[in-house]
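What TrEMBL annotates here:
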- 21-279: domain 'ABC transmembrane type-1' (DOMAIN)
- 298-530: domain 'ABC transporter' (DOMAIN)
- 21-40: transmembrane segment (TRANSMEM)
- 46-65: transmembrane segment (TRANSMEM)
- 125-143: transmembrane segment (TRANSMEM)
- 149-165: transmembrane segment (TRANSMEM)
- 238-258: transmembrane segment (TRANSMEM)
- 270-291: transmembrane segment (TRANSMEM)
């Protein structure tokens, strides 16, 4: 079984009692549907009021089954979608930033939103699809009881119908997957455009960006048209196969009626059973929903296939925070505990991710006080290492949550003054505290200061600060006794560091004091825009 199908099956199980109720309702409904022609046939043959009342009761029960089925479908779909979202999001956060580099943010939002909802409908679609077999099998059995020749005629038609449905499911699953990918492409472009809305407005490129975002729209249209064509193709086949099958069964039934082997009521019942047994129209709708659920499940399974970051069981011994890169290609170095180190050049951000264990090196290992970061428990790692970036995502509900709950850390990050000016100070909800880029950076710095008790890793985390605040943060960092690794493109920050790690294409090119490296024109070019960081 494919990973996507296993995930879809698990989603059906996680829909709770809804799947079981849907199955029961489908079976009862199928039984009532099969009973209705018989009851109507008896009413025609006997002209009995009791059979007419019985037929009315069957119709009422069918309507009740449909209503209960709709309710349980919505309930089960919501439960399954919630479970899928929770599992995918938990896995995504545990896998680290590697997923977001492989899959654009807008695409991930589509997978966890729309695709999870579509995959959550798998229970309804699967039960409805399987339930379509019950009326066909029941109709076949009852036709055997009425007349074996009629059953044989229907059986031949059902074989042809099975081939039509199998092809439709296969084609629809592929097309639905392409449709969902094209939707995700538009979403990814839209998220990028929204993130750069100020730049777009300043540059006056709104029209060009609109065209770029909607580049995939013709692809979406193409897949949508292909889905319609697949449905139309199956519908045309149904329009040919089902009436032809009805005519054949009625012809055989008429022959058997003329021979005195059937009654008029039995012939009527047989005609109704053929319509029920060859009900291709409802089956196409159910299989179409199942195809979309399977395609959506495949997109979610792609996220879950990302290897999660595995943590160890060790804790850190007492130590100063010595950071060692051992056996990492091009990065054989050791940063003494308590040192302040600036990182510049291409590959600096990746260096920071390795130091904070947001990434793992393909070969070699990164150690903190002699312990490989891979061996540390999650709690030990995140307690020891504080990490801040240029554009932090603020976590929690209030400003206090975003700073890690430490006012001294907020003071060191230059955030305390503006926080106390907020309507409710540290208790101000983040949703009610609009902030500039520099203010967000200060909150991100405060959280890093509060959480990392041995190593601070700052990935251009002061780039949006004004000169005064940046100087205040630098003073706090200079007085700090933790090991500090600061990715920067500012010469002043590098000059204040104890040593500078100069990288080129992710490999160590120099490891010395700023003044010693400054004599190299290539090093000076780093601060003049000659090299980009990544």
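The backbone N, Cα and C atoms fix where each Cβ goes, and this holds for glycine too.
Ranking 21-40, 46-65, 238-258 by CB pairs under 8 A with the transmembrane segment (125-143) puts 21-40 at the top. With pairs at least 6 apart in sequence, the transmembrane segment (46-65) and the transmembrane segment (149-165) have fewer than 3 Cβ pairs within the 8 Å limit; the two do not touch. Outside the transmembrane segment (46-65), and at least 6 residues removed from its termini, the chain residues within Cβ reach (under 8 Å) are 25, 28-29, 32-33, 35-36, 39-40. Each residue in the domain 'ABC transporter' (298-530) has a pLDDT score, and their mean in this model is 89.
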